[in-house]
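A quick write-up on the structure given underneath.
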Amino acid sequence: MAASVPWACCAVLAAAAAAVYTQKHSPQEAPHVQYERLGADVTLPCGTASWDAAVTWRVNGTDLAPDLLNGSQLILRSLELGHSGLYACFHRDSWHLRHQVLLHVGLPPREPVLSCRSNTYPKGFYCSWHLPTPTYIPNTFNVTVLHGSKIMVCEKDPALKNRCHIRYMHLFSTIKYKVSISVSNALGHNTTAITFDEFTIVKPDPPENVVARPVPSNPRRLEVTWQTPSTWPDPESFPLKFFLRYRPLILDQWQHVELSDGTAHTITDAYAGKEYIIQVAAKDNEIGTWSDWSVAAHATPWTEEPRHLTTEAQAPETTTSTTSSLAPPPTTKICDPGELGSGGGPSILFLTSVPVTLVLAAAAATANNLLI
């Protein structure tokens with residue numbers, strides 16, 4: 001009897017291990033996929049479990065707070081994009097998986113924006129579309145093209161998923177084209193359509209390889225060249241005209257030149273020494289609209305190289321002084337009477353630095369006065 005107890009314990013443990021193994025490795029039911037609108041409230045039931053069943057909810061492997069539960073149901077309010085994920089409901093005691101929901105939060109589509117353009121005239125045209133706002137969930141688009149009552153094939157672009165191409169069946173047709181597009185997702189659908197004449201959607205791609213160069217010895221000229229867009233299939237039969245605009249970087253106002261033919265132009269009124277920005281657009285000679293502007297080219301008109309002048313070394317300046325033969329202006333000095341002796345005779349004024357003849361004349365005049 002004592003020996004049977006260990007055997008019983010082993011049997012229980014083996015059964016438990018088998019149950020755990022079976023739970024982990026048995027194939028599980030694929031999760032239910034559910035789409036809900038952004039901002040809405042949603043209630044997720046725990047599969048077929050009763051309302052009062054003891055369950056635990058997880059999202060992406062993380063336990064959810066019990067206050068989000070109403071019985072066994074999970075309540076999510078004011079859905080945000082972050083609520084998207086894999087929700088799983090487990091039996092609280094055995095952790096047996098009861099139910100899974102893969103929740104996607106998004107929006108129904110708004111009216112799509114549709115446009116058509118022929119940049120390969122006369123081969124065909126393409127139509128492209130997009131939604132004005134994202135839906136955050138997968139969308140399906142369906143395009144229908146009619147030429148009168150005839151349905152035309154719209155071949156999907158291999159690189160751009162929101163574009164398809166249509167070949168012209170009849171050139172210069174007066175019958176209008178009608179293009180319709182519908183979009184749908186799990187939360188709703190929408191449609192739009194446009195009608196147009198063949199010639200109204202012709203719009204070439206911008207000119208290519210726009211290059212601007214200075215003209216040697218011409219400080220106000222720039223030579224501009226470009227190429228016809230490579231997507232334009234037959235420029236000989238369907239020639240293009242061009243529109244050139246240019247301005248110095250220091251100004252905001254453009255100058256324009258329309259050219260009926262050719263792929264080159266010389267600007268003759270550029271500001272000397274100022275950098276310029278140049279762009280070119282293209283248009284069919286007869287129909288359609290102007291292309292977008294090309295990639296900008298930059299150039300500065302020719303400027304003369306500064307000259308480096310070599311000069312001979314200047315000789316050091318020499319100062320030549322000459323002595324004037326004229327004596328400097330005389331200075332007058334009144335002699336001190338004490339220097340003339342102690343006699344009581346009249347004082348005699350001596351002018352120093354005065355020519356001798358003047359001194360002698362003054363002495364003679366004094367003597368005559370004494371004799372009188």
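One is the number of the first residue shown, and numbering goes on along the chain from there.
Using the three backbone atoms N, Cα and C, a Cβ is placed for every residue, glycine included.
The shown structure was predicted, so the numbers you read here are calculated from the model rather than taken from an experiment.
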Looking at 95-99, 170-174, 290-294, 345-349, which one is motif 'WSXWS motif' according to Swiss-Prot?
290-294
Please name the cysteine among C46, C127, C154 that Swiss-Prot pairs with C89 through a disulfide bond.
C46
Looking at the recorded positions C46, N60, C89, which has the shortest Cα distance to N70 (N-linked glycosylation site)?
C46
Can you grab the distance from N190 (N-linked glycosylation site) over to N60 (N-linked glycosylation site)? Cα atoms, rounded to a whole Å.
33
Its Cβ having more other Cβ atoms within 10 Å than any other among the glycosylation sites N142, N190, the winner is N190
Where the distance is taken from Cα to Cα, which of the recorded positions C46, N60, C89 turns out closest to N142 (N-linked glycosylation site)?
N60
Is it possible to get the count of other C-beta atoms within 10 angstroms of the C-beta of N70 (N-linked glycosylation site)?
10
Quick one: DSSP breakdown of the motif 'WSXWS motif' (290-294) into helix, strand and coil?
0 helix, 0 strand, 5 coil
What number of additional C-beta atoms lies within 10 angstroms of the C-beta atom of C89 (disulfide bond)?
26
